[in-house]
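**Student:** Before I ask anything, here is the structure I am working with.
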2 protein chains.
Amino acid sequence: MRTGIATVCLSGTLKEKMQACAIAGFDGIEIFEQDLVTSPLSPEDVRAMAADLGLGLDLYQPFRDFDGVTAELLKANLRRAEAKFKLMSRLGMDTILVCSNVATATIDDDELRASQLAQLAALAGEHGVKVAYEALAWGKHVNDYEHAHRLVEMVDHPNLGTCLDSFHILSRDWDTAPIEDFNADKIFFVQVADAPKLSMDVLSWSRHYRVFPGEGQFELAKFMGHVVRAGYTGPVSLEVFNDVFRQSDVERTAVDAMRSLIWLEEQSAKWLESTSAEAAAGSVPASRRRYPMELATLPKVSEPAGFNFAEVKADDTARLEKLLGQLGFGFEGRHRTKDVQLWTMGQARVIINEQAASHSEPAIAALGFDVDSPVIASARAQQLKAPVVQRRVQADEEVFQGICAPDSTEIFLCQGSPDGTAAWTHEFGEGLEHPGSGNRAVIDHVNLAQPWQHFDEAVLFYTSALALEPQPFAEVPSPSGLVRSQVMQTTDGAVRLVLNLAPAQQASAQQAQSARKSYQEHIAFAVDDLVATARSARDRGLEFLQIPANYYEDLDARFDLEPGFLATLKELNLLYDRDADGEFLHFYTATVGSVFFEMVERRGNYGGYGAPNAPVRHAVQYDHLHRN
Amino acid sequence: MRTGIATVCLSGTLKEKMQACAIAGFDGIEIFEQDLVTSPLSPEDVRAMAADLGLGLDLYQPFRDFDGVTAELLKANLRRAEAKFKLMSRLGMDTILVCSNVATATIDDDELRASQLAQLAALAGEHGVKVAYEALAWGKHVNDYEHAHRLVEMVDHPNLGTCLDSFHILSRDWDTAPIEDFNADKIFFVQVADAPKLSMDVLSWSRHYRVFPGEGQFELAKFMGHVVRAGYTGPVSLEVFNDVFRQSDVERTAVDAMRSLIWLEEQSAKWLESTSAEAAAGSVPASRRRYPMELATLPKVSEPAGFNFAEVKADDTARLEKLLGQLGFGFEGRHRTKDVQLWTMGQARVIINEQAASHSEPAIAALGFDVDSPVIASARAQQLKAPVVQRRVQADEEVFQGICAPDSTEIFLCQGSPDGTAAWTHEFGEGLEHPGSGNRAVIDHVNLAQPWQHFDEAVLFYTSALALEPQPFAEVPSPSGLVRSQVMQTTDGAVRLVLNLAPAQQASAQQAQSARKSYQEHIAFAVDDLVATARSARDRGLEFLQIPANYYEDLDARFDLEPGFLATLKELNLLYDRDADGEFLHFYTATVGSVFFEMVERRGNYGGYGAPNAPVRHAVQYDHLHRN
């Protein structure tokens with residue numbers, strides 16, 4: 001599959017964009033006109049630079065408001081087009097995108113449109129240019145890709161074809177199956193964009209909220225499958241207008257973009273395979289069961305089976321040790337060669353890493369996931385352009401395959417075991433006996449704060465590299481604003497990650513340090529008997545997050561709880577939730593640095609995270625932070 | 001008018017919110033339930049604190065999903081309601097907001113709903129509570145305020161009335177005139193919110209994009225006029241869910257909120273007056289031509305007649321002096337007692353203030369506006385809670401009335417003169433002769449960068465305090481993201497302010513300094529002959545912002561310009577635009593600190609700002625910034 005990207009997806013100057021695309025490994029780019037117009041580079045400079053970078057210049061775009069106009073305007077439009085054709089020749093480009101008219105069309109007549117497009121195609125032919133005509137979702141008269149294709153068929157000129165853009169097609173809920181019947185020679189270009197399903201006017205949706213494939217909710221693999229079955233072999237190019245991507249680091253966004261195409265390629269191949277039975281059964285003509293586009297595949301991985309460990313880093317680890325001890329974790333000893341400690345409760349393993357920079361506050365540094373094959377999982381992640389984490393290891397120690405998540409958390413791919421143990425724990429010295437060692441416990445979920453520039457990137461990262469599934473998106477009120485919350489999890493819930501986008505901080509340089517502190521992250525452990533766990537922790541002196549009395553009054557108004565149970569909840573600072581599937585009890589510890597811990601008990605099949613209680617936690621933590 | 005605000009509008013804890021509301025001068029507040037549930041303050045604490053602060057506790061809200069339910073659910077709902085009624089008694093509150101059911105209603109039958117609301121009213125009566133029933137715009141069966149009112153009339157119980165919320169009414173485009181016929185005794189509460197006209201699902205619109213009155217596009221004065229004519233005398237309370245306000249400084253947002261009600265009160269009185277003729281003519285019953293609610297008025301001001309001056313502050317002023325001299329400005333001398341210089345060209349006056357903190361880069365510090373009466377304008381601004389600017393003045397010097405805009409720019413209200421001169425210029429010593437002194441020139445517009453937290457606040461500030469009108473909103477692409485641009489201007493265009501919201505910076509502490517630099521602001525001057533002005537400036541060695549050659553090719557493709565004219569534009573780095581009303585020529589200087597200048601020529605009735613050229617300016621400036 002030939003990969004491409006429109007320069008409008010990225011921040012920076014044309015030169016910066018082209019360099020970033022080359023580094024990320026794209027085959028070609030679309031030159032967005034404004035990027036050229038505002039650039040000090042001459043067309044010849046751009047041509048030479050693209051050649052040096054090994055980038056094809058695959059599409060010049062957009063040319064707007066051409067068709068369905070008066071004779072007088074047609075003349076001006078042809079003049080305008082010819083100027084662009086000449087420019088393209090200087091750029092060494094041969095394909096231009098012409099969008100269906102949104103502004104100046106006054107005549108709604110297919111015969112007239114076809115005759116005007118025929119004149120454009122003839123003129124293009126004289127300049128060696130191919131015109132890819134696209135139906136915009138909000139085109140005045142032409143807003144349906146099949147309509148655009150019919151016009152192309154009517155004109156039937158070798159220099160006129162169509163451009164298929166997944167956004168313009170899927171935002172209108174058009175059926176994509178008819179694409180398979182298109183003549184591949186008439187599909188000049190394919191653009192892909194994903195988007196969250198929003199109910200708003202399609203123009204604003206398109207201009208601000210598009211995302212890269214895998215970051216939204218469109219059925220792009222199916223769209224691509226139809227395109228591939230049609231016999232198309234040209235570029236598959238990203239055209240993603242997104243307010244955040246336009247503000248973010250250009251090289252990093254280009255890598256995110258490339259990852260989305262690598263993933264889409266795999267998903268498209270899977271979709272084609274999954275529908276091959278039906279194809280063989282005759283609903284797809286035999287000629288389309290084989291297709292000329294080659295689709296690369298990736299090393300296959302299953303969902304991770306669970307968390308292997310979580311690692312917290314700190315300069316001064318005393319407060320962390322105290323908290324874990326009070327929760328009932330046991331100290332298993334120090335690593336034989338590294339400055340790290342291991343603490344466990346049941347199958348929940350927490351590494352305290354003492355190798356932090358001096359004066360750095362405790363923070364979540366790494367997570368380990370149990371996978372079938374660390375090597376295969378790592379190979380897949382690397383093919384998806386995940387940055388590799390380098391860790392020094394000594395001979396005879398387990399080698400961890402590590403990758404770096406978009407928020408800089410290190411993700412280690414560990415060999416899972418049927419009994420939930422981890423071989424590497426033998427590298428730690430003999431620990432102390434501890435009261436909670438008999439407890440059954442696992443890491444239930446981990447809640448990570450995401451920088452706003454990398455929220456969508458993180459969704460694709462965990463989807464593509466780690467086979468987690470995004471759940472419906474939520475927003476949680478906090479005293480400093482709404483917190484956007486995206487759960488990524490495995491089907492069985494054994495691995496649950498909560499990605500939180502905290503409200504923007506009003507961070508002046510002076511406030512930066514305290515602002516960082518308000519991005520709190522946490523690790524939650526599940527136990528069988530939360531009340532007993534809480535009582536023991538209290539007896540060991542644990543500082544619980546103090547839940548306001550008003551909360552318990554409201555809880556009682558909502559759930560009509562048994563008075564003894566309500567009193568227990570209140571006594572122990574436990575929070576409670578209930579839904580049709582079960583019940584959820586949990587409590588939080590005080591925060592140390594930017595980290596705190598949560599203990600949870602899931603009763604029945606409760607699958608949530610106590611979302612109605614999240615505002616209480618945020619408010620109490622905010623209050624603590626601002627009092628300190 | 002009794003003023004109020006819901007705690008959900010603001011950031012912070014309940015205590016912080018209450019304190020900020022008292023400081024801003026609100027009469028009362030609505031307690032948003034979640035703010036109480038998450039607070040460590042007991043109901044009794046809240047009651048005592050409100051009393052100490054002189055704040056009424058006017059509404060407890062929201063109580064959700066009560067009506068149209070099964071008998072079993074009704075029982076649970078009544079139990080839940082009673083718990084809240086008891087809580088309200090501890091708070092000393094007597095009115096609760098009950099929203100029409102959005103989730104659990106299963107029976108769409110007005111008789112049933114009325115009977116259930118009657119049971120709620122009876123229970124409320126036992127606890128001395130009044131129930132204000134509100135139709136949410138997305139209510140499952142009740143989503144129209146007239147429907148809610150009919151139900152209230154059906155029940156006809158002294159403890160049941162309705163709550164009118166401008167958002168739920170105006171977002172659905174309901175006619176507001178029928179409010180006048182409501183029985184005032186049945187209107188228990190009025191909530192106001194403004195909003196930009198967005199085409200998106202009404203729930204998301206409501207939860208994220210409401211703004212304070214005067215910051216959106218709803219006809220709120222008319223809505224309030226109908227409410228006042230109905231005879232309502234209760235609180236007029238803001239309920240504004242806004243993502244930005246929830247993140248912003250609580251005290252500042254509370255002042256912004258209060259300003260919006262003061263302004264709304266005046267606008268409502270104006271609307272009532274403007275419609276009094278029609279009222280007298282009989283379309284409004286005589287009984288409603290006088291109404292019990294007292295509406296305070298403000299000192300009246302007209303639109304400013306023009307810019308009096310612009311002031312730029314710098315530690316090292318040499319580069320500014322050079323730029324102004326090259327543009328053709330003349331140095332008129334230094335102030336007799338202050339470290340400031342005056343430079344003029346025609347009626348365009350620029351003050352260079354040398355009293356900046358050391359090492360601070362040049363920046364726009366103040367603007368003067370010509371008004372009919374500085375004292376009246378200042379009194380109005382102060383009643384609208386604009387912060388006053390203190391400037392030292394010597395005896396026999398003109399006293400400037402100054403206020404501080406939301407972005408910290410100082411705004412001075414100056415006595416205009418019929419001939420466009422300014423009396424205070426006599427305080428400056430004899431200046432040099434200068435070549436451009438004969439030029440006709442005025443300040444055409446000023447472009448100010450706005451912090452993202454204060455964008456909406458700025459719109460209301462300039463609307464209410466300075467009688468500028470917001471124009472349709474625009475977005476301009478730049479290499480670092482989209483720039484939101486809001487023009488505020490007088491009807492005749494004599495004063496034009498462009499408020500720009502630059503893209504968020506990825507500012508780590510280290511980047512803060514360079515990030516600030518990318519917020520460039522400018523002052524534009526209009527002259528009669530831009531080509532001559534540019535030639536003279538070039539001869540004096542002015543450093544123009546260099547416009548890429550590609551721009552002129554595109555310009556020619558778009559406008560088919562006369563070759564000689566195009567060559568002149570290109571030779572002098574001039575930009576060009578044309579619309580149905582006229583033509584626009586302009587050029588930019590290089591940037592000094594965070595300031596640059598623009599010279600413009602308006603031909604015909606061109607009323608814009610060369611918007612198609614703004615991306616070129618942004619790209620070239622970005623390129624300079626990143627190369628330096």
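A Cβ is built for glycine as well, from the same backbone N, Cα and C atoms used for every other residue.
Pasting the relevant annotations from TrEMBL:
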type: BINDING; residues: A:Glu134, A:Asp165, A:Gln191, A:Glu239; note: divalent metal cation binding site
type: BINDING; residues: A:His445, A:His522, A:Glu598; note: Mg(2+) binding site
type: DOMAIN; residues: A:442-590; note: domain 'VOC'
**Student:** Would you pick out, from the binding-site residues A:Glu134, A:Asp165, A:Glu239, A:Glu598, the residue whose Cβ has the largest number of other Cβ atoms within 10 Å?
**Tutor:** A:Glu239
**Student:** What's the CA to CA span in angstrom from A:Glu239 (divalent metal cation binding site) over to A:His445 (Mg(2+) binding site)?
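**Tutor:** It is 35 Å, counting Cα to Cα.
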**Student:** Could you measure between A:Glu134 (divalent metal cation binding site) and A:His522 (Mg(2+) binding site) for me? Cα positions, answer in whole angstrom.
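**Tutor:** Approximately 48 Å lies between the Cα of A:Glu134 (divalent metal cation binding site) and that of A:His522 (Mg(2+) binding site).
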**Student:** Going along the chain, which residues six or more apart from A:His445 (Mg(2+) binding site) have their CB under 8 A from its CB?
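**Tutor:** Correct list: A:Gln489, A:Arg496, A:Leu497, A:Val498, A:Ala524, A:Tyr609.
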**Student:** Give the helix, strand or coil assignment DSSP yields for A:Glu239 (divalent metal cation binding site).
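**Tutor:** A:Glu239 (divalent metal cation binding site) sits in coil per DSSP, no helix or strand.
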**Student:** Within the domain 'VOC' (A:442-590), count helix residues (DSSP H, G, I), strand residues (E, B) and coil residues, in that order.
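**Tutor:** Across the domain 'VOC' (A:442-590), DSSP assigns the residues as follows: 52 helix, 51 strand, 46 coil.
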**Student:** Other than A:His445, A:His522, A:Glu598 themselves, what residues in this chain have Cβ atoms within 8 Å of the centroid of the Mg(2+) site's Cβ atoms?
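**Tutor:** Near the Mg(2+) site, the remaining chain residues are A:Asp444, A:Val446, A:Asn447, A:Val498, A:Ile523, A:Ala524, A:Phe525, A:Tyr588, A:Phe597, A:Val600, A:Tyr609.
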**Student:** A:Gln191 (divalent metal cation binding site) has how many other Cβ neighbours within 10 Å of its own Cβ?
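**Tutor:** Around A:Gln191 (divalent metal cation binding site), other Cβ atoms within 10 Å: 26.
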**Student:** If I take the alpha carbons of A:Glu598 (Mg(2+) binding site) and A:Gln191 (divalent metal cation binding site), what is the distance between them in whole Å?
**Tutor:** 45
**Student:** When you average the Cβ positions of A:Glu134, A:Asp165, A:Gln191, A:Glu239 for the divalent metal cation site, which other residues in that chain have a Cβ within 8 Å of that mean position?
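**Tutor:** Close Cβ neighbours, site residues excluded: A:Leu97, A:Cys163, A:Leu164, A:Ser166, A:Phe167, A:His168, A:Phe189, A:Val190, A:Val192, A:Ala193, A:Ser237.
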**Student:** Fill in the CA-CA distance, A:Gln191 (divalent metal cation binding site) to A:His522 (Mg(2+) binding site), as an integer in Å.
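**Tutor:** Between the alpha carbons of A:Gln191 (divalent metal cation binding site) and A:His522 (Mg(2+) binding site) there are 40 Å.
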**Student:** Rounded to a whole angstrom, what is the C-alpha distance between A:His522 (Mg(2+) binding site) and A:Asp165 (divalent metal cation binding site)?
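**Tutor:** So the Cα of A:Asp165 (divalent metal cation binding site) lies 41 Å away from that of A:His522 (Mg(2+) binding site).
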**Student:** Run through the Cβ atoms and count how many others sit within 10 Å of the one on A:His522 (Mg(2+) binding site).
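**Tutor:** There are 22 of them.
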